[in-house]
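Asker: Dumping the structure here so I can ask a few things about it.
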Amino acid sequence: MATPLVTPLFSPLALSSSRNRHSCPKTLFQSKDGKTCDSSATQKLNQTRLRKTDGQRRRFLQMGSREMSFGRKLSTQAMDGAGTENTSTTISRKVFAATHLLVSLGIILAADQFLKQAFVAASIKFPSALFGMFCIFSLLMILDSVVPAAATGMMNFFEPAFLFIQRWLPLFYVPSLVVLPLSLRDIPAASGVKICYIVAGGWLASLCVAGFTAIAVRKMVKTEMTEAEPMSKPSPFSTLELWSWSGIFVVSFVGALFYPTSLGTSARTCLPFLLSSTVLGYIVGSGLPSSIKKVFHPIICCALSSVLAALAFGYASGSGLDPVLGDYLTKVASDPGAGDILMGFLGSVILSFAFSMFKQRKLVKRHAAEIFTSVIVSTLFSLYSTALVGRLVGLEPSLTVSILPRCITVALALSIVSLFEGTNSSLTAAVVVVTGLIGANFVQVVLDKLRLRDPIARGIATASSAHGLGTAALSAKEPEALPFCAMFLNPTRTLNRTTYRVAGSLDRSRANRGLINELILLYNNISAM
């Protein structure tokens, strides 16, 4: 053990100012081996050790901080990579969804066009879309019984197209309402009033007959109501869609005004702004409050915006309203207008009904008695009551025949009227649209007043009196009634037997058109009363 030795206070070492200015009195230590060291040396040694320890600590902390910063960089890069991956995934999903919609909708449109051309080539008067709908429905039923997974896959594949058609369904009935001023020009005012009376009164009568027939049959068969399969609802319109169509309207309107034949014909040149005005009217009308839409249906807003756009263009160009409305609906396949494009979807609408019926096949099968009985009774009532009332009020025979299919959707009504001579197809389309418009505005209120709460009765009554427009209005709030509407929108067996006889309509021969002659004979007998 070292023995401390005290140095004299007044020694030369102690009095040295240079060495003792910042030092303490020195204490000498003697170790066991005889070596002597003072306290200052010991302090220096300790300070050196502390410096080494501090340096090691600093290096350790620096390494730790570097590792932490490196970890932070890695986590930041991982987050950036995840964000980039999420963005790319979102974009790829949107692209896939758009491609899926285009492919599925394109197949339906192509099938509709193929059937139309095949039926025209074969001189078949039976509506091609109705035949296609039954083919799709039959195919789904066969697949469901043999390979259920294939039927489910087919339904999932065409679901985007079905939702697209359901979303824009009322828009496809607008063209006939837009050109209504041209359709009614050659009709006397007195005849127009009579037609309005038949349309309004016939709508209410058909609604009551179909609804109460369904209720009466249900009480007879005592079938309990089961819940319908949930139906997917289309997405609402976005602000981006509104501004996009607004931009298209402004650009195309100005372009057509300064370059009237830039796309070859006036109809093609006017097509973009007339189509965008129709779409804009529907988007704006759909966004109105429910209280306003009860009296100002989106269809009215849609037709009004189209007419106002045509009026503005006719005034600015000096051509007038009639030529622009003529360009809106040309009925020429080689030179289509905006209305022709929209009405081109009517066949696809009928084809899409197959998917809604298949989705509710169990419910339809369970209530087949109510459905088909109501279809038969209401169709017979609608056709023959229109002919009878037309005779009683003194309406011209040609006009009466033109409005016979007033409660049938436009695509089928035009096919039916084409079987008769001297009819006004424009009047037929206009009457059908006006009937649907009445139903779209008042069907829910009247059904509630009549205390028809059952979805079957509400669906059948709506479709029997207001066809597609009423169906669109009802299904927007009551999607469970849509399959029953679809069943009636396809006049199926009743309309085929009553109007053409399916077998007889496949040939133009006199022997195979017996029921048409019977219907004309019945009308002539009524007129002779």
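For all residues, glycine too, the Cβ spot is worked out from N, Cα and C.
Since this is a predicted model, take the numbers as computed values, not measurements.
Pulled these from TrEMBL:
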TRANSMEM  95-114  transmembrane segment
TRANSMEM  126-147  transmembrane segment
TRANSMEM  168-185  transmembrane segment
TRANSMEM  197-217  transmembrane segment
TRANSMEM  238-259  transmembrane segment
TRANSMEM  271-288  transmembrane segment
TRANSMEM  295-317  transmembrane segment
TRANSMEM  337-358  transmembrane segment
TRANSMEM  370-393  transmembrane segment
TRANSMEM  399-420  transmembrane segment
TRANSMEM  427-447  transmembrane segment
Asker: Looking at the transmembrane segment (271-288) and the transmembrane segment (399-420), are there 3+ C-beta pairs under 8 A, with each pair at least 6 apart in sequence?
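Answerer: Answer no: the transmembrane segment (271-288) and the transmembrane segment (399-420) share fewer than 3 Cβ pairs below 8 Å.
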Asker: Mind checking which residues of the chain, 6+ beyond the ends of the transmembrane segment (168-185), have their Cβ under 8 Å from one of its Cβ atoms?
Answerer: 192, 278-279, 282, 298-299, 302-303, 306-307, 310, 321-322, 325-326, 328-329, 338-340, 342-343, 345-346, 349, 410, 424, 426-427, 429-430, 432-434, 436-437, 440, 468-469, 471-473
Asker: Hey, which of 126-147, 238-259, 337-358, 370-393, 427-447 has the most Cβ-Cβ pairs under 8 Å against the transmembrane segment (95-114)?
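Answerer: Most contacts with the transmembrane segment (95-114): 337-358.
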Asker: Between the transmembrane segment (427-447) and the transmembrane segment (295-317), do 3 or more CB pairs sit under 8 angstroms, pairs being 6 or more residues apart?
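Answerer: In this chain the transmembrane segment (295-317) contacts the transmembrane segment (427-447) - 3 or more Cβ pairs sit under 8 Å.
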Asker: Which sequence positions outside the transmembrane segment (238-259), separated from its termini by at least 6 residues, show Cβ-Cβ distances below 8 Å to it?
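Answerer: Cβ under 8 Å, 6 or more out: 269-270, 272-273, 276-277, 279-280, 283-284, 309, 312-313, 316-317.
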Asker: What stretch in 126-147, 197-217, 337-358, 370-393, 427-447 has the biggest tally of Cβ pairs under 8 Å against the transmembrane segment (399-420)?
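Answerer: Ranking 126-147, 197-217, 337-358, 370-393, 427-447 by Cβ pairs under 8 Å to the transmembrane segment (399-420) puts 427-447 first.
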Asker: Do the transmembrane segment (126-147) and the transmembrane segment (427-447) share at least 3 Cβ pairs under 8 Å, sequence separation 6 or more?
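Answerer: When sequence-distant Cβ pairs are counted, the transmembrane segment (427-447) does not touch the transmembrane segment (126-147), since fewer than 3 lie under 8 Å.
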Asker: Who are the chain neighbours of the transmembrane segment (427-447) in space, where the CB to CB distance is under 8 Å and they lie at least 6 residues beyond its ends?
Answerer: 170, 173-174, 176-177, 179-180, 183-184, 187, 195, 199-200, 202-204, 207, 211, 294-295, 297, 299-300, 399, 402-403, 405-410, 413-414, 417, 458, 461-462, 465-470, 472-474, 477
Asker: Counting only residues 6+ away from its ends, which parts of the chain sit with a Cβ under 8 Å from the transmembrane segment (337-358)?
Answerer: 105, 108-109, 111-113, 115-116, 127-130, 132-134, 136-137, 140-141, 144, 151, 155, 158-159, 161-162, 165-166, 168-169, 171-172, 174-176, 178-179, 231, 267, 270-271, 274-275, 278, 306, 327-331, 364, 409-412, 468, 482-483, 486-487, 489-490
